[in-house]
Amino acid sequence: MQKVLIVGAGKRGTALLHILIKTAIIDIIAVVDKDPEAPGLKEAEQYGIAVSSDWKPYIQQKPDIVIHTTGDQAVFDELLQRKHEDTIVMPGKMAYIVFQLMEEKQHLIQMLKEQTYKYDRIFNSTHDGMIFIDINEEIILFNHMAEKMVGKKREEVIGRPIKEVIPSTKMPRILKTRVPEYNQKQLLGDHLQIVTTRLPIIDEGGRLLGALCVFKDITDAVELAEEVTNLKQVRTMLEAIIQSSDEAISVVDENGIGLLINKAYTKMTGLSEKEVIGKPANTDISEGESMHLKVLETRRPVRGVRMKVGPNEKEVIVNVAPVIVDGILKGSVGVIHDVSEIKMLTAELNRARQIIRTLEAKYTFDDIIGKSEQMLVALEQAKLGAKTPATILLRGESGTGKELFAHAIHNESDRKYNKFIRVNCAALSENLLESELFGYEDGAFSGAKRGGKKGLFEEANNGSIFLDEIGELTQNMQAKLLRVLQEKEIVRVGGTKAIPVNVRVIAATNVNIEKAMADGTFREDLYYRINRYPISIPPLRQRLEDIEALSVRLIQKINRDYGRNVKGLSQQALRALSAYHWPGNVRELENVLGRAMIFLNPHMEWIEKDHLPVFELEQKENDTDQGTGFDFPDIEGEKLSVAVEKFEAHLIQQTLEKHHFNRTKTAKALGVSIRNLYYKMDKYGLANEGMQ
């Protein structure tokens, strides 16, 4: 119990005395007031509480709480000085509010206990058997008389299909017809004749909640049948309260078996009632231990426990409390809070920093999806290149995953424990890019940070720097970058001192650098510096066999981001995606799937063709019919993988013939590396005769 000292026995002190006397957890050690006629002193004496005009002896008893009601600031200050470090000194007004709230809380809890006890008594004191099933035909409620007449204990049947417990039941028919059936004769088991009333339970919105069955021996007649139907209102009210909550709620019985969940729970976890009701309490947990089971074991509530739930591993905070009626454990109630909605600040931060990101590499080669020959070649090249210190040039169209490759190369290298920094060379002006890359000295320019600033090359020392869109650099920046690659040192803007740096450079471009060299917009010497280890990443249209695996991974990601539970694509939808030419590559595929899932009905689990955004699926066919001069191979009736290989082999052969078997020109025309061309020629057994 908490020891309390009241200083001041006027009206406020007396009012607090009245409240605290009724509280079982409070022990009032004394009431003190300088005025011997104070009303609170007389009342305290009536209750056998010590009274005094001096509080100092009692403060030495180290009370837990001292309530000051005199209004004298000097007394309050002296109390604060003399109190024990564990003693709390509260102004009387604050204490009055706090203890009033405590009293109100206790009153509400007592009312709730009395109501729950009353409902339980009503349900189990009736002479009629009562069974309630949910919309999945599983037993939710089973009273004492039902146990007696059916011959099975409640614990044996809760959560089981009604047909398994009572094979002759007609309750599932009520779920289909929603039509009540009154006073129906039925044989229960082998000999017991009963009269039963079956009722659909429907909420005010017209939604079917389940079915209630009330039955009795035929000798008892049906005088009390209508009274039992009042339980429908009780059940509907309790269900509606839970279902109206925006917080996810789950209820289990004393054995840890799921009894009830609401719509918010299903939306958050991605689990339906069928997957939870009647199942163990740890069914919904993907990471962590069941707090329901812990509460049932300890009979104590738990709060603020982090875990992951559902197939999408939603991160949540869980509060669980036991349901105890008259000392008997009935189950537990859990409230689940979603804490995963804070994620989209990264994009805003990137814009604020003008698309320059200084992040640790997030991806590995395991995150790169691809089983096509071209993708496997690119992956093998990247893994080999990661083990070398050479500068790597990633080439590929926008959206093919060049940044993903850069992350993976860094994580595979011996620099993985140091920084990985990404810079978009096209996002900044020349002056701003120079100061970001190389840093600047104090006073280098107007608005420069006092004391200067390190550049990204210095920040990435002993790590990796990813220069995206390197083909967009100006001639001046190209010259400065060349110096860094040659000399392995930088000079800050406004400075003269050379600062050595040890940085692995990974560059990327989606433009034709060779053409830029021919046009004089890209330095040849820089080209040879960055092109020591080129890797060509194929566009999506050249690896259509990867669309299914990519879609599975992207749908999983979007499920986590949007809180959905979509399982995948129908075959028609997959064929539609495979027929498209994907100018935006994997980025466009993610966009298409994301839009489809946003507008997908929350209860639907599969993306159909009709759900996909309208795009030019016939574009490839139209393009090829308008005089391209390409002779298509006969692929009618072939499987997709075989048709793609035939098409690819035919295209390579025709391109070789067009360029008189010059392998360099052929590779350039096809947009692949020489090594990749050799690989495919060997794979398809294409003739080498006449090649130069």
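Any Cβ shown, glycine's included, is placed from N, Cα and C.
The feature DNA-binding region is assigned by Swiss-Prot to 663-682, with similarity to another entry given as support. The helix, strand and coil residue counts that DSSP assigns across the DNA-binding region (663-682) are 17 helix, 0 strand, 3 coil.
Taking the Cβ of Gly399 (ATP binding site) as reference, residues of its chain lying under 8 Å away and at least six apart in sequence are, in sequence order, Leu540, Gly584, Asn585, Val586, Arg587, Glu588. Annotated ATP binding site per Swiss-Prot: 396-403, 460-469, in sequence order, evidence recorded as sequence analysis.
As annotated by Swiss-Prot, domain 'PAS 1' applies to 115-185, with the evidence given as sequence analysis.
Annotation comment: Swiss-Prot describes 234-305 as domain 'PAS 2'.
For 368-598, the entry in Swiss-Prot reads domain 'Sigma-54 factor interaction'.
The transmembrane segment annotation in Swiss-Prot covers 13-33.
Counting only same-chain residues at least 6 apart in sequence, those with a Cβ under 8 Å from the Cβ of Asn461 (ATP binding site) are Asn418, Lys419, Val501, Asn502, Val503.
Within the chain, the DNA-binding region (663-682) has long-range Cβ neighbours (under 8 A, six or more residues past its boundaries) at 373-374, 377-378, 381, 514, 534-536, 538-539, 648-649, 651-652, 655-656, 688, 691-692. According to its DSSP assignment, Lys402 (ATP binding site) is helical.
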